[in-house]
């Protein structure tokens, strides 16, 4: 597995000394070496990312310097300890500390991760708590929101509350956040042939789907049915993603949740250069300057960080 993922000729590996860099194929394919060479941790340390998920392992060696105080909406406390692992994995992809000679490197190493816990130890979440977390972001100067979770309106497979009124409340809050120039990045879901899940399905949200190592669409529970993702969905690595895990471990994970972390990291890199960039502008930068890939079932737009960054810089 390692040899098939690691290309020693790729410049991005020359920019980091992290122990498991040879496993980070996603960093190689999203093309960010130019961007990394022009952005410092000082640029990123003022970017706060609201990670609405299962919490984060704040004591992890690769995360302890970037995770700051958040909130637990399940227990109404400040204990955001991750007992499921999902949030810790996404956090590592977004911002794991790079060049510390251990572990991995995140896309936007240096950002501040704010864990907002809505998911319990089984991976279950309540839409009311997601709404509360979004409101918290609006009132606490969060710059970017990552939502590597979601639900289908006709089949609430991760949400335990079925009050349809909550959909409208959530949509209103999403609209308010967008007006405040807070981009929201959300996973489309992992079922090939299904509609995009919410909140990724909202038109103003940056929706993310996953690609495999060979740059073909990668979907858990895949079927040959026609893809029904939003047309403006951005694709990012989501297969065999090596990242941080709870109890100080590292692990492989899969799916659009992991892909979402790559795009959130990319948005952080862009926003570090211009904090007032609108969510629409950020989305268009990624889509218009993506790598276009034609596959047997669909044409996709794959994340290309350097292209978007260079356009922003006027190169």
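Count begins at 1; order follows the chain as displayed.
Backbone N, Cα and C define each Cβ position, glycine as well.
Some features that TrEMBL has for this protein:
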- 46-296: domain 'Peptidase S8/S53' (DOMAIN)
- 53: active site, charge relay system (ACT_SITE)
- 86: active site, charge relay system (ACT_SITE)
- 257: active site, charge relay system (ACT_SITE)
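Cβ neighbour count for residue 257 (active site, charge relay system): 28 (other Cβ atoms within 10 Å of its Cβ, all protein chains included). Under 8 Å, Cβ to Cβ, and six or more positions away along its own chain, residue 53 (active site, charge relay system) finds 82, 86, 87, 90, 91, 115, 116, 117, 118, 119, 146, 147, 148, 149. The DSSP secondary structure for residue 53 (active site, charge relay system) is strand. Residue environment of residue 86 (active site, charge relay system) contains 22 other Cβ atoms, counted within 10 Å of its Cβ in all protein chains.
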